[in-house]
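The [4Fe-4S] cluster binding site annotation in TrEMBL covers Cys142, Cys160, Cys169, Cys194. Marked as compositional bias 'Acidic residues' by TrEMBL: 770-783. Per TrEMBL, region 'Disordered' is recorded for 763-793. If you look up TrEMBL, you'll see 148-164 marked as motif 'Nuclear localization signal'.
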Amino acid sequence: MPKVQLNGITVDFPFQPYACQEAYMAKVLECLQKKVNGVLESPTGTGKTLCLLCSSLAWQEHYKDAISARKIAQRLNGEELFPGPSWGNVAPNDDIPTYYTDVPKIIYASRTHSQLTQVINELKNTVYRPKVCVLGSRDQLCIHPEVRRMESNYMQIYTCRKKVMARACHFYNNVEGEFGVEVKPCFGEGEVSCPYYLSRSLKQQADIIFMPYNYLLDSKSRKAHSLDLRGTVVILDEAHNVERLCEESSSFDLTPYDLASAIDTVDVVLEEQAKVVQQNEVNAEFNMELASSGLNMELEDIAKIKKILLQLESAIDEVELPPDDSGVTKEGSYIFDLFAKAQITFQTKSSLLESLEQILQYLSGRKCEFDSCFTQTFLCNAGKMKCWFISVATSSNASIPFAQVHIHLDDSNQKKKQKTDVWSSSSTKKEKTLSYWCFSPGYSMHELVRQGVRTIILTSGTLSPLSSFTMEMQIPFPVRLENPHVIDKHQLWVGIISKGPDGTSSQYGNAFSYSFIYPTAGNLVRVVPDGLLVFFSSYPVMDKSLEYWRHDFTSRIEEVKTMFVEPRNKGSFSEVIDAYYNRVVCPKSSGAAFLAVCRGKASEGLDFADRNGRGVIITGLPFPPRMDPRVVLKMQFLDEMRRCGAGSQYLSGREWYYQQASRAVNQAIGRVIRHRQDYGAIFLCDERFTAGNVRCKLPSWVRPYVNVYDNFGHAVRSVSIFYRAAQEAVTTEDGVSSLCMEYEPKAILPKRPRIGLLDALEHSEKSSEDAGEESDLSGEEEQAENKPNPTENKRARAALYLATVKSILSKERYKLFTMALQDYKLRDDFIAVLSQLSALFIDDKNNHVLLRDFYQFIRPYHKKQFHEACSSLTGEGCGYKPEHGLPWEEQDLTTPSIGEKPVSAPGSCII
């Protein structure tokens with residue numbers, strides 16, 4: 001694989017990196033070498049994940065080498081074995097530790113385990129083989145059949161713990177002695193050791209640890225997984241979600257339904273324990289064996305838990321709301337005053353949490369009731385109850401200035417159960433929800449820094465605008481990067497549609513009265529080929545639009561493209577999106593349109609590459625709901641912080657409000673360009689995009705291509721030309737570029753047209769015209785026409801070779817294969833393409849023939865070198881002859897007459 005020298009460190013990369021990839025890796029290395037934080041934006045399709053892995057692991061290896069060099073120098077009395085500055089770039093000299101165990105670990109965190117699986121697959125495409133550990137929950141990693149059948153996470157946790165304590169799980173029992181085994185990213189039924197506990201044990205030895213980033217940002221999760229972050233390198237991928245998660249990890253909502261259910265849970269335990277006590281009184285009288293419920297708690301202690309919950313319920317109900325029921329907002333410290341009324345204090349928290357833990361263990365061990373929805377609900381609510389108290393008990397004074405308590409009417413659909421026992425509250429007041437909301441993601445980031453991390457790198461494809469993003473994080477980011485895309489200008493079209501087909505303006509009022517969206521989208525579906533995405537600002541707006549269009553407009557769209565609508569229910573999302581994908585590629589279809597919502601599942605990391613997303617329509621600016629209490633309080637909090645002297649350290653409420661809309665737009669439009677050979681159009685259908693303060697917040701790779709169209713017809717004409725040009729330049733099938741290239745066009749003879757590696761997959765529009773001209777052929781030309789066409793044979797051979805490679809290689813490795821060919825086409829770098837192909841085909845002897853068969857696509861002046869390389873690597877050459885090295889035009893001149901055997905390289909094709 002090519003080796004790239006960056007910042008004094010050698011990075012092995014699977015192929016020759018693009019300039020933007022080198023710039024990205026250089027910034028990563030700068031963060032690691034200088035022990036500073038960085039925020040790096042690089043669009044989807046620029047190889048961000050691969051760059052992160054290769055650069056960070058190269059630095060880590062260099063760090064280990066620096067330790068080795070120092071040890072050798074010490075044994076040589078200070079003389080270096082290899083004099084020179086080669087080890088001086090990894091870190092400041094006084095920062096290099098003495099022991100290998102002190103080498104900084106890399107913690108790579110992303111939003112979900114599915115995203116982490118993709119990252120680990122990318123790691124397999126590199127030469128780096130670090131010790132890997134993957135942390136996950138029991139839901140992802142547990143392989144015990146009984147535990148996996150549990151529907152509730154709390155039930156899984158406590159069933160697992162019970163089996164472990166009783167040593168009744170043979171998977172856990174096998175973990176001992178397995179500490180040298182490398183943890184795999186995915187675990188199947190055939191595993192003999194418990195992946196969950198094995199990964200927790202192996203994290204101490206791992207070089208790189210993969211985990212969802214809520215494990216890092218939530219202090220409760222960090223403690224549960226015993227994460228030691230001192231000296232670690234923390235990489236947060238897909239970091240556009242970090243702001244929200246930081247706030248949510250320090251927030252909670254306590255609804256009346258949750259509190260009432262928790263009281264019922266404790267009540268059931270109390271009744272059962274009382275029956276056991278009564279039974280034991282009878283047994284003791286007759287000298288019989290005493291019964292045991294498995295819960296080692298006194299009735300008095302259980303009764304105290306119930307009393308505390310009832311007091312908390314009363315304390316919340318006693319809070320008076322204003323006449324308009326808008327809710328009451330108080331400072332964050334009020335949460336301690338409120339909980340103190342229920343005897344929940346820092347002094348009582350330990351005994352309270354211990355009692356709750358015993359109750360949860362007891363509930364998880366109840367026999368024959370796991371299939372009962374009633375029991376599952378109890379266990380879930382008891383677990384929630386423990387989490388509430390932990391959240392408050394672990395709240396430090398440092399978090400109080402960033403949080404507020406909001407008590408408001410309950411707007412959930414769950415109803416509080418009516419109670420009839422004498423313990424129950426008799427209050428007839430309206431039910432209220434207690435919300436404790438943190439409004440500064442900087443609090444969680446400061447907590448990370450206080451853990452002693454070496455470097456924090458936040459990266460994503462959509463972090464713009466970086467200035468406001470870093471301001472929200474409240475920690476310094478000296479290293480910043482807004483990377484360009486790897487695509488060319490002919491692959492992206494961006495237009496602000498300020499007027500519809502009938503001249504209606506796309507200003508805010510009209511956009512949501514449907515008089516603009518209705519005809520605009522109806523015309524664009526006829527222009528955009530294959531798949532089209534339409535993003536609305538919210539579900540209510542999308543629902544109203546569909547209701548308005550239902551009788552007329554929907555049928556007109558479906559005459560051109562089948563419509564699919566993003567469901568609110570996540571369970572049915574996979575079914576809908578799969579149907580959309582299938583419709584796009586259906587030969588009898590002209591494509592499909594997928595209607596979705598900004599900030600919805602479709603806009604968050606879903607892949608609409610190639611034909612699945614040739615265009616995206618943004619129907620408006622997706623501002624957060626302006627009257628939502630949490631949004632109102634967030635804006636007030638930010639304005640207050642600015643007034644209190646924080647100044648430029650905080651956004652204003654209005655700036656934050658606009659930032660949220662811009663980031664949601666950037667995330668949605670990122671669905672349209674997914675890799676180097678992809679192309680598509682972005683339609684910004686809101687006049688507000690023309691404003692400088694909105695336009696400047698678009699991603700840096702989009703801004704240079706933005707055009708404003710006051711005339712809808714001009715926009716349609718422009719994008720139609722764009723699609724025709726893009727389709728000619730880029731082959732849509734397989735998402736790879738056409739690799740045809742004429743090396744010496746002046747000397748190429750028309751008798752023998754050259755074909756490229758992927759030409760066999762293209763269908764020429766001229767075929768019908770050529771068929772009409774066959775009748776004009778005569779004499780020798782007619783005889784030639786009746787002979788087998790060598791061009792068609794070569795075309796078929798190229799198609800067969802490509803199909804074989806695609807069937808053998810994984811999706812990611814096939815992508816590397818096509819990128820290697822593209823690089824060879826553009827740069828004519830024989831060493832690079834040989835290195836890349838060798839990495840793909842040499843490991844498996846069965847694939848050696850694929851390397852040799854590539855000989856037909858090698859340029860003439862490289863054929864001898866390729867033949868010799870194959871002989872060395874596979875033990876067999878490619879049948880090289882001196883005439884194979886002749887320029888194409890000379891091979892054409894030596895081509896024998898029809899019927900004679902040609903002497904040129906068999907099946908030679910131009911890429």
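A Cβ is built for glycine as well, from the same backbone N, Cα and C atoms used for every other residue.
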Cβ-Cβ neighbours of Cys160 ([4Fe-4S] cluster binding site) (radius 10 Å): 23
In the chain carrying Cys142 ([4Fe-4S] cluster binding site), residues 6 or more apart in sequence that have Cβ under 8 angstroms from it: Arg148, Gln156, Cys160, Cys194, Pro195, Tyr196
Output field, [4Fe-4S] cluster shell: CB within 8 Å of site CB centroid, site Cys142, Cys160, Cys169, Cys194 dropped: Arg138, Ile143, His144, Val147, Lys163, Val164, Phe171, Tyr172, Tyr196, Tyr197
Residue among the binding-site residues Cys169, Cys194 whose Cβ has the most other Cβ atoms within 10 Å: Cys194
Mean predicted confidence [pLDDT] for the motif 'Nuclear localization signal' (148-164): 79
The motif 'Nuclear localization signal' (148-164): DSSP-derived helix, strand, coil residue counts: 13 helix, 0 strand, 4 coil
